[in-house]
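K.L.:
Okay, so Swiss-Prot annotates it like this:
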type    : residues                               : note
BINDING : Asp128, Asp130, Asp132, Lys134, Glu139 : Ca(2+) 2 binding site
DOMAIN  : 79-114                                 : domain 'EF-hand 1'
DOMAIN  : 203-238                                : domain 'EF-hand 4'
SIGNAL  : 1-29                                   : signal peptide
Amino acid sequence: MARGGRGRRLGLALGLLLALVLAPRVLRAKPTVRKERVVRPDSELGERPPEDNQSFQYDHEAFLGKEDSKTFDQLTPDESKERLGKIVDRIDNDGDGFVTTEELKTWIKRVQKRYIFDNVAKVWKDYDRDKDDKISWEEYKQATYGYYLGNPAEFHDSSDHHTFKKMLPRDERRFKAADLNGDLTATREEFTAFLHPEEFEHMKEIVVLETLEDIDKNGDGFVDQDEYIADMFSHEENGPEPDWVLSEREQFNEFRDLNKDGKLDKDEIRHWILPQDYDHAQAEARHLVYESDKNKDEKLTKEEILENWNMFVGSQATNYGEDLTKNHDEL
């Protein structure tokens, strides 16, 4: 989640690859299946009932995606349970032998925050070229677009020309929004806001604006129903729409289009992708407690958690299983 020219073809390849990684809201291939825009990692958690307690495919895929859901397979069941037990002791803040929904929510939020800052740390050195522990806009621009800017002829007749031409001003606009003191240089906190704008209150207008720009194909400043559907689903000519598409059309009319004018403005887009009444960590914590609470006392013992260990290994409570492969002292 370094670009630039280290050799002609290698530089181009790295630039394109990292452009895809670090500007996910800009480059989007047309999907053939449903795509979720709502800014929350477990997009549909709480919107449809989980599978039975014998299968956690829904949990893993909702939290991770299909590929990352296999992370927990790195350890044997006994190793997973042993390490999960140590994590449970840390989640139980008051040491009363129970894990409450609130304690789980606090832990999940901590894991989320750590994941974001770890992600920034991994790419920091690629952009901080003068090693002053700050990243200027010029450093970022050269690392990201240097090859493109230095070799425009190679891109002139390609789709990449349009892509980079669109990305550069958008990245600059987002960088300036994250740069709170306006010095065109990002601290780690500011660069984190640049890479993960959905996590910062002062960046949410940028998230809304970029979403509008991505979906609004006719350029009228609104998202109509067809644009809303086209962002989620690539329709085959004369082909039938899946049932979920029909359901999304109903969602658009009944819940997205608040003023019933047939289109979404910025406020309605904000309400859609940044719902104020949804706490992702709270929803997941409640889900984990509900699925593991055998005696229905609305809190979990270590035994209840370990009995349902494979659900927790695949959830954000263990950073999708990654915490189980770390030394306990790292947590």
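Each Cβ is built from the backbone N, Cα and C atoms, and glycine gets one as well.
Note that the structure is a prediction, hence the values are computed from the model and not measured.
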K.L.:
Once Asp128, Asp130, Asp132, Lys134, Glu139 are set aside, which residues in the chain still have Cβ within 8 Å of the Cβ centroid of the Ca(2+) 2 site?
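P.N.:
Everything else in range on the chain: Tyr127, Arg129, Lys131, Asp133, Ile135, Ser136, Thr185.
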K.L.:
Using DSSP, what is the helix/strand/coil residue split across the domain 'EF-hand 4' (203-238)?
P.N.:
21 helix, 2 strand, 13 coil
K.L.:
How many other Cβ atoms are found within 10 Å of the Cβ atom of Asp130 (Ca(2+) 2 binding site), counting all protein chains shown?
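P.N.:
The answer is 9 other Cβ atoms.
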K.L.:
Kindly state the mean pLDDT of the domain 'EF-hand 1' (79-114) in the predicted structure.
P.N.:
89
K.L.:
Which of these binding-site residues has the least crowded Cβ, counting other Cβ atoms within 10 Å: Asp128, Asp132, Glu139?
P.N.:
Asp132
K.L.:
What is the three-state DSSP composition of the domain 'EF-hand 1' (79-114), stated as helix, strand and coil residue counts?
P.N.:
27 helix, 3 strand, 6 coil
K.L.:
For Lys134 (Ca(2+) 2 binding site), just count the other CB atoms lying within 10 A of its CB, please.
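P.N.:
Lys134 (Ca(2+) 2 binding site): 16 neighbouring Cβ atoms within 10 Å.
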